[in-house]
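A short write-up of the structure that comes next.
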Amino acid sequence: MRRPSLALLALSSLPFGSARQPASFSIHQDLLAHPQFEVIFSDSYVFEADAFALLEAANKTPKPTPASDGAHDGSTTRTDLTSAIRESATANADTDNGDESIGGTSPLRETYELIAHPPMRYLCSIPIIAPPPALNKTATELAKAEEAREVTRAYNKGWELMRGLENQCLHFVSGWWSYQYCYGKSIVQYHAVPNPKGGPPLRDKNSQEYILGTSLPPSSHSQKGKQIEVPNNEQKQLSPPPNTELQAKDNQRYLVQRLDGGTICDLTGRPRTIEIQYHCNPALSGDRIGWIKEVTTCAYLMVIHTPRLCADVAFLPPKETKAHPITCRQIITSDEEALSFNQRRKNTIDSAAAAAAAVTTEDQKQGSESGSPEKLSYQGLTVAGIPIGARRILPSTHVLPLPRHLQQQRQEAQQGNLLEALTKAAFKADVFGDYGDDNNNNNNNHHPKAGKGRKAAGAGKGQSGQKEMKKMRISERDIDKLGLDQQTLDALREEIRAAGLDPDRNLNDEREAGGEIVWEFYADVSGDEDDGAVAEEGKEVFVWYEDEDEGGEPAEAGKDQKESKKGGNGEGSGSGSEEGSKEEYYRDEL
């Protein structure tokens, strides 16, 4: 188990030696952290008697060993324990480099420190690193000469490896533009059209193409600067391509080639130019263009990743610098505590194994459902306790809540107030249609058997025997707009039927000429004290009524439905008993 080394790096009083600085600057290197250390909390433990024995031997300071009833008998010798700790630290820190030293340096010996982290204590072994040998002037000059020879050798070897790209072309697509680069020739920018055969992108003959750069033929020069003509075979072996060099960045070398002679730029009046960089990428099986960018006006940069350069160790990516391990082991005072430690470790291992088995089972189940026997190797990324990208279904506790208006509609629907939910939602969305006379009555906007008298909405409140019935129509599009569905309307029919009414007479659905289904019903928008529905100022009351004979009293069905609206007075105040009288009803005031 690895943890940050903030607490233990305070041991700066130890005689650490300075390590060799890197050859070139890298933004990933901490220039002030040399040598580098990493704190590792081991899964093993050490008995208290052995821990103090190691501290005494390392510091050469006599310390009394505390006596404890359940202390270990000390049968393990100090030499064996020291060797075991050193071997474990080395194995945990460096398993890939074999015999190579960590960070380019080797530890001379180890010292021990006691770290108190209540209620636990740890014995930490800290390696002491040998300082690098001092370089004199002669050794520095020899090192520079050796480095220059290595650069020349890598430069020639690199271009020799890149000759395998001759007579090959690479393609790259970036948005509108496509690029074609033929090694040793030129790179062309053009707009591509789909290739029906599935091959490289085809050039659009109706658009213009641009040459970003052209390669010059390789040539060899005499000492006087005069060009010497040689056969092509010898020419390829003598010199690399012109306008090339070897560069290094982040401790990795790569080849650079500059091409000139491109299409004249309209903005600068000069030919287009491009710089090509060849980087070693051992993870690829073939050559590939990484990206192309226009760094300045009509000046481009292209990066090619190729495994060819990886054949030379000089172009390989730098190995990750590993820190020296500071290994800490928990101090145990008794055999009972050791048993408890081992049990906790076993439980941790079992829990991890069970979690891995559960993931494997889930992957197999998903693979069988999709018809693919492949298992998922990617376990996803856990963010705030939620696995992302691993085909996991979120539990209900992590599902985002519905918007407030949808929550209210769902609650009202679940409580059985379907009519109230429908009317409230309809008036909020302003989707109710107001359709004039009914076939059974000459009065506009009224239920044919609504009762004794009628009056306009908002004309008064609490007046008995006066009702305002509105014929409401909702289309399929309005249903979708309200967030309702056919199941909601079916439940509404059941509510009307439970109230002793006929849903086919109170909630009718018909298909219009355009093929759209429309639901229509009647609602009371005035209120009646006799029915227990009082129309307060600024309020509307909705009541279901059953058709009756002329002169009969309307029978209230279900609970009175209320809806808030803007306050307003109806303009039509004529008597509802007068046949043929027309009442005006303003929808904008609702």
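Every residue gets a Cβ built from N, Cα and C, even glycine.
Among the features that Swiss-Prot reports, mannooligosaccharide derivative binding site is placed at TRP176, TRP177, GLN189, ASP266, ARG272, GLU294, TYR300, with the record citing similarity to another entry. When secondary structure is read from DSSP and collapsed to three states, TRP176 (mannooligosaccharide derivative binding site) falls in the coil class.
As annotated by Swiss-Prot, compositional bias 'Basic residues' applies to 446-455.
Note on the domain 'MRH' (167-312): DSSP counts are 10 helix, 73 strand, 63 coil. If you look up Swiss-Prot, you'll see 167-312 marked as domain 'MRH', on the strength of sequence analysis.
The region 'Disordered' annotation in Swiss-Prot covers 83-106 (among others).
Feature annotation from Swiss-Prot assigns region 'Disordered' to 198-248 (among others).
According to Swiss-Prot, the region 'Disordered' annotation covers 357-376 (among others).
Feature annotation from Swiss-Prot assigns region 'Disordered' to 436-472 (among others).
Sequence annotations record features per position, and here Swiss-Prot assigns region 'Disordered' to 545-590 (among others).
Residues annotated as signal peptide in Swiss-Prot: 1-19.
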Among the binding-site residues TRP176, TRP177, TYR300, which residue has its Cβ surrounded by the fewest other Cβ atoms within 10 Å?
TRP176
Whose Cβ, among the binding-site residues ASP266, GLU294, has more other Cβ atoms within 10 Å than any of the rest?
GLU294
